[in-house]
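> Have a look at this one before I ask anything.
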Amino acid sequence: MAGLNVDDVKVSLQKFGLYDYVVFVLMLLSCVMIGVYFGFLKKKAKKGEAEADYLVGNRQMKIIPVSLSLIASFISGISLLGTPTEIYLYGVQYMYIVGGVISMGFIMMYFYLPVFHNLKLTSTYQYLQTRFDRRMRLFGSILFTLATMAWLPIVIYVPALAFNQVTGINVHLITPIVCVICIFYTCVGGLKAVVWTDVVQTILMFGAMLLIIIKGTLDVGGLSVVIERAKASGRIEGPDLRFDMTTRHNIYSCVIGGVVYWLKTNAVSQNMIQRYLSLPTLASAKKALWTFIFGTLVLLALCCYSGLLIYAKYYDCDPLTTKLAKAKDQLLPLLVMDTLGDFPGLPGLFVAGVFSAALSSLSTGLNSMSAVVLEDFFKPFSNRPLSEKQTSIIMRAVVAIFGAICVGLVLVVEKLGSVLQLSMSLGSVSNGPLLGIFTLGVLIPWANGTGAIVGGTIGLLVMIWVCLKAQLAIATGELAFDLKPVDTQGCSYHFIASEPMSMLAINTTSLSIDATPVEPEFALYHISYLWYTTMGALITIIIAVIVSFIVGPNKPDEMNPNLFSPFIQRILVRRRIAAHNQLEMATGGIKEIIQ
């Protein structure tokens with residue numbers, strides 16, 4: 001390729017042929033057929049069970065399909081494309097978040113999951129009304145709705161960019177087609193269709209990543225070459241043990257901040273809890289939780305290794321500097337076309353895998369929105385009970401309407417350009433306050449509705465300020481992150497050098513614009529984004545407890561024990577038994593005196 005320029009190389013790598021389109025279309029058709037089966041062919045639910053069947057699979061789902069659905073729902077196309085990019089740019093420090101993931105499993109299993117599952121909820125925000133009041137239910141539902149509608153268009157847009165790179169097809173031609181298919185099977189098939197399409201999509205995700213890793217590793221000379229090149233560049237390193245909250249990734253932010261971040265996204269999020277609630281027993285929900293954690297860790301490991309593989313492949317010719325990849329989220333698609341482009345059908349399998357991750361996240365979001373809008377916005381404000389037909393129309397209309405809005409918002413997302421990272425940080429704005437409110441509910445009996453609403457509101461306002469200031473600091477170069485070294489001395493094609501630090505970077509949780517590192521003075525918004533959820537939760541909890549005691553705290557002995565974590569329940573029961581015994585002794589003493 002000595003006489004080629006970078007544009008010639010780009011064209012030579014666009015080998016998306018007939019077989020690739022066939023594989024991609026087959027994936028979409030399989031999703032449609034699953035929706036048709038559960039929507040029209042499978043035996044209809046009994047009268048009075050249609051709502052439970054549509055939203056939580058009549059609480060009779062199986063562990064393995066639900067576990068695979070949880071994996072597919074959590075690992076979006078952003079994660080599949082962003083995690084390798086994170087490792088390529090910054091090294092493996094992020095992967096120490098596995099400690100936070102495993103810790104989250106234990107905390108969720110003992111503190112959160114038993115409460116929601118035993119109460120047989122449909123919307124997690126029903127809990128907020130039962131535990132606090134209607135204001136809190138509405139507060140939580142609105143936050144969830146806004147955060148979901150800000151996140152879903154990006155979930156679709158990012159893989160569409162990858163599809164555009166390998167095929168040249170316009171983003172706005174493919175996104176409406178894919179979204180309409182997703183809306184269709186989610187709308188007609190409900191949770192069962194979502195779960196079983198997720199099963200197909202999870203298998204595709206794992207298959208696509210394994211293919212890339214195996215073939216790519218063989219191409220560069222084996223596992224030892226990948227490890228050696230990564231070590232030489234400093235990408236493989238031990239955990240950073242310095243306790244500095246401004247460090248982007250260290251062992252403390254990854255494990256402590258990571259466990260809190262994952263708690264919100266898995267333990268109290270409607271998107272995920274709705275799947276656990278579809279299982280018949282708490283024991284089966286716990287098994288699904290640990291299967292999900294194991295599968296997610298495996299997929300994270302595959303994504304991490306693929307980031308090292310990208311560096312091993314391009315260690316002497318950085319595709320960002322040469323502009324072979326226009327944006328950092330296109331590194332993995334570039335590796336795929338470079339590695340699998342000569343094998344008809346395999347690039348199609350990769351694109352199907354990436355879009356599978358996006359479709360699963362979109363269908364999960366739409367199904368969850370259907371549950372939240374019905375349970376939290378329609379039922380509480382309806383003068384009389386909704387009929388089964390009205391319920392069915394509302395559930396499906398929500399999926400169709402919000403799905404159409406997502407398609408429209410993709411246009412907005414594209415126009416935002418460098419402001420795109422603001423949309424991604426919206427999750428951090430709402431995650432902390434929501435986790436704080438739910439934690440108050442399950443762990444602190446004294447907290448009341450007034451305290452929770454004040455704490456949640458202040459937590460939300462503080463996090464809006466922190467996130468906006470942080471994104472502004474990143475955009476202006478006030479806040480920047482050190483990149484691992486790259487090289488272009490081995491390039492075999494002509495290019496006009498550009499600084500990769502000026503390009504848009506997509507990582508697993510946020511979007512950032514990298515600039516020349518400067519040493520900023522400490523400010524609250526300079527802390528690592530992994531601490532955001534922790535900060536928002538702590539502010540919410542502290543303010544709520546203070547306000548609750550000012551206005552008059554709840555009396556724990558008068559609270560319903562089922563609203564709290566099991567160990568809190570045991571404490572409340574012991575207090576009641578002790579109080580009852582004391583009352584009996586006092587009554588007995590009075591009787592003796594009278595006698």
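Keep in mind that glycine also has a Cβ here, set from the backbone N, Cα and C atoms.
Note that TrEMBL annotation is computational and uncurated.
Annotations for this protein, taken from TrEMBL, read as follows:
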- 62-82: transmembrane segment (TRANSMEM)
- 94-117: transmembrane segment (TRANSMEM)
- 138-163: transmembrane segment (TRANSMEM)
- 169-188: transmembrane segment (TRANSMEM)
- 195-214: transmembrane segment (TRANSMEM)
- 249-267: transmembrane segment (TRANSMEM)
- 288-312: transmembrane segment (TRANSMEM)
- 349-373: transmembrane segment (TRANSMEM)
- 393-413: transmembrane segment (TRANSMEM)
- 419-444: transmembrane segment (TRANSMEM)
- 451-474: transmembrane segment (TRANSMEM)
- 529-551: transmembrane segment (TRANSMEM)
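What's the neighbourhood like for these features in this structure?
For the transmembrane segment (62-82), the list of distant contacts is 154-156, 158-159, 162, 194-196, 198-199, 201-203, 205, 209, 265-266, 271-272, 275-276, 278-279, 284, 287-288, 291-292, 295-296, 299, 303, 329-333, 353-358, 360-361, 364, 506-508: same-chain residues at least six beyond its ends, Cβ to Cβ under 8 Å.
When Cβ-Cβ distances below 8 Å are used as the criterion, the transmembrane segment (94-117) is approached by residues 83, 86-87, 124, 127, 239, 249, 251, 254-263, 266-268, 273, 276-277, 279, 282, 285-286, 289-290, 293, 296-297, 300-301, 304, 438, 442-443, 507-508, 530, 562-567 of the same chain, each at least six residues removed from its ends.
For the transmembrane segment (169-188), the residues of the chain that approach it from at least six positions outside its boundaries are 28, 31-32, 34-36, 38-40, 156-157, 160-161, 163, 194, 197, 355, 358-359, 362-363, 366-367, 396, 399-400, 403-404, 406-407, 410-411, 414, judged by C-beta separation under 8 angstroms.
Remote same-chain residues near the transmembrane segment (195-214) are listed as 27, 30-31, 34-35, 38, 57, 61, 65-66, 68-69, 71-73, 75, 80, 185, 275, 278, 295, 298-299, 302-303, 305-306, 309, 332, 335-336, 339-340, 346, 349-350, 352-354, 356-357, 359-360, 363-364 (criterion: CB distance under 8 Å, separation of at least six residues from the stretch ends).
Note on the transmembrane segment (393-413): residues 51, 54-55, 149, 152-154, 156-157, 160, 171-172, 175-176, 179-180, 182-183, 186-188, 190, 362, 366-367, 369-370, 373-374, 378, 386, 420, 423 of its chain, located 6 or more positions outside it, place their CB under 8 angstroms from a CB of the stretch.
When Cβ-Cβ distances below 8 Å are used as the criterion, the transmembrane segment (451-474) is approached by residues 128, 132, 135-136, 139, 143, 421-422, 425-426, 428-430, 432-434, 436-437, 440-441, 480, 512-513, 515, 520, 523-526, 529, 532, 535-537, 539-549, 551, 553 of the same chain, each at least six residues removed from its ends.
Within the chain, the transmembrane segment (529-551) has long-range Cβ neighbours (under 8 A, six or more residues past its boundaries) at 97, 245, 248-249, 253-254, 256-258, 260-261, 263-264, 425, 428-429, 431-433, 435-437, 439-440, 444, 446-448, 450-452, 454-456, 458-460, 462-463, 466-467, 470, 509-510.
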> Counting Cβ pairs under 8 Å that sit 6 or more residues apart, are there three or more between the transmembrane segment (349-373) and the transmembrane segment (138-163)?
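These two segments touch.
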> Could you give the residue numbers and ranges of same-chain residues that sit at least 6 residues beyond the transmembrane segment (288-312) on either side and whose C-beta is under 8 angstroms from one of its C-beta atoms?
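For the transmembrane segment (288-312), the list is 63-64, 66-68, 70-71, 74-75, 79-80, 83-88, 92, 94-95, 97-98, 101-102, 104-105, 108-109, 113, 202, 205-206, 209-210, 212-213, 216-217, 220, 225-227, 229-230, 233, 235-236, 266, 275-276, 279, 331-332, 334-335, 484.
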